[in-house]
Amino acid sequence: MNSTEEEPGPIENYYLVCSLSAIFAVTAVAISITILIIVQRTKPRLHTVRHLLMCNTCIASILYCIVQTNNYIFLIFFPSVTSDISCRWRGYFSYITISAIAYSFLIQAISRLFIVVFSTKYKHLITFKTHYILIIIQWFTVIIIPIPTIITKDIYYRPNKLCWVPLKYIIHVSYGYIAYYTIPALSVGTIYIFIYYQVKRAKKEAKTLLRLTYGEKRDLELLRNIVILLSIYFMGGIPTLLFLVSSQKILYLMGIATISLTVAVEKLCTILLDHELRQVIRKLLTRVRRITPVDNTNIIARYRLNQTNIQQIIVQPLPKIQNTLF
């Protein structure tokens, strides 16, 4: 995200968009936490490398929503904090979390590449250890990429502005869009095309390079879902991209809210597109709605026993009394 270079407008312009963005962010956090809890508690069905990477994306989304909401709080409620260094660090963490979501989808695509193409020859590529290493590399990468925001003075405090790189620093802005968005998006697309053609070629040549037909279709479906979720996330940046072309302030304000909106939508679609997760949630909802009947067996048996005892007492003959003369 990048800031407009227009004169600072009234802070009231941000009230609505920041409030909407905060609502979307809270929604995304709630859905992400729900996914994390369900995956953690559902053993062993959801304890897979795929759901591990899904949880990694959820954590990145939670951090993004927290950081952005913090930026809105500083913008609206703490305008007296005018430190350039503080603003620079807020921008740094913003760019970390923005890129963390995009690169989390990239390692999901890399995981599919390992499983579909290389799992037969290199078994260690599909282990949990390898995927933990992928996650570590991803977070190390997204921490390094935004370093120019803190080693340069391109981000500085501006009244009624979010702490993003201004448009006048065209080299920094271009670097950000390439590093945060373009590289992961093109990489995911390239991996998808490569796997697709590998599967098609294996079918034509009748080779055993890949797994069975059902597994191939399943892996292509999962990779397609990754592309769909990444596309939903990137749709949030369309208003900002249009703002770069047209410099319309309304597009800039829309861009503030649309990213949080698409993060929330992406989390919801994560549940809808994941078959196993969707089934687990459906079973949980069914279990909550089901009314368990009260077990009256013991009560009825006890009642019948008491009735029998009462009848026996009533029917039992009285003892004979001998007549005694006084």
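Each residue, glycine too, has its Cβ placed from N, Cα and C.
Note on the domain 'G-protein coupled receptors family 1 profile' (31-245): its mean pLDDT in the predicted model is 87. Annotation comment: TrEMBL describes 31-245 as domain 'G-protein coupled receptors family 1 profile'.
Outside the transmembrane segment (14-39) by six or more residues, the chain places 46-47, 51, 54-55, 58-59, 61-62, 64-66, 68-69, 72, 75-76, 160, 253-254, 256-257, 259-261, 263-264, 266-268, 270-271, 277, 280-281, 284 with a CB less than 8 A from a CB of the stretch. Annotated transmembrane segment per TrEMBL: 14-39 (among others), in sequence order.
Residues or ranges marked as transmembrane segment by TrEMBL: 51-73 (among others).
Marked as transmembrane segment by TrEMBL: 93-118 (among others). Counting same-chain residues at least six beyond the ends of the transmembrane segment (93-118), those with a Cβ under 8 angstroms from any Cβ of the stretch are 1, 49-50, 53-54, 56-57, 60-61, 63-64, 67-68, 71, 125-126, 130-131, 134-135, 137-139, 141-143, 145-146, 149, 163-164, 176, 179-181, 184-185, 187-188, 191-192, 194-195, 198-199, 209-211, 216, 219, 222-223, 226, 229-230, 233-234, 259, 263.
The annotation transmembrane segment is assigned in TrEMBL to 130-151 (among others). Beyond its flanks by at least six residues, the transmembrane segment (130-151) meets 49, 52-53, 56, 88-89, 91-92, 95-96, 99-100, 103-104, 106-107, 110-111, 114, 124, 165, 172, 175-176, 179-180 of its own chain at Cβ-Cβ distances under 8 Å.
Beyond the ends of the transmembrane segment (178-197), by six or more residues, the same chain brings 95, 98-99, 102-103, 105-106, 109-110, 112-113, 116-117, 145-146, 219-220, 223-224, 226-227, 230, 234, 237 to within a C-beta distance below 8 angstroms of the stretch. Taken from TrEMBL, the feature transmembrane segment applies to 178-197 (among others).
The transmembrane segment annotation in TrEMBL covers 226-244 (among others).
The transmembrane segment feature in TrEMBL is assigned to 250-273 (among others).
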Tertiary contacts of the transmembrane segment (51-73), defined by C-beta under 8 angstroms and 6+ residue spacing from its ends, are 14, 18, 21-22, 25-26, 28-29, 32-33, 35-36, 39, 90, 93-94, 96-98, 100-101, 104-105, 107-108, 111, 128, 131-132, 134-135, 138, 162-163, 259-260, 263, 266-267, 270, 274, 276-277
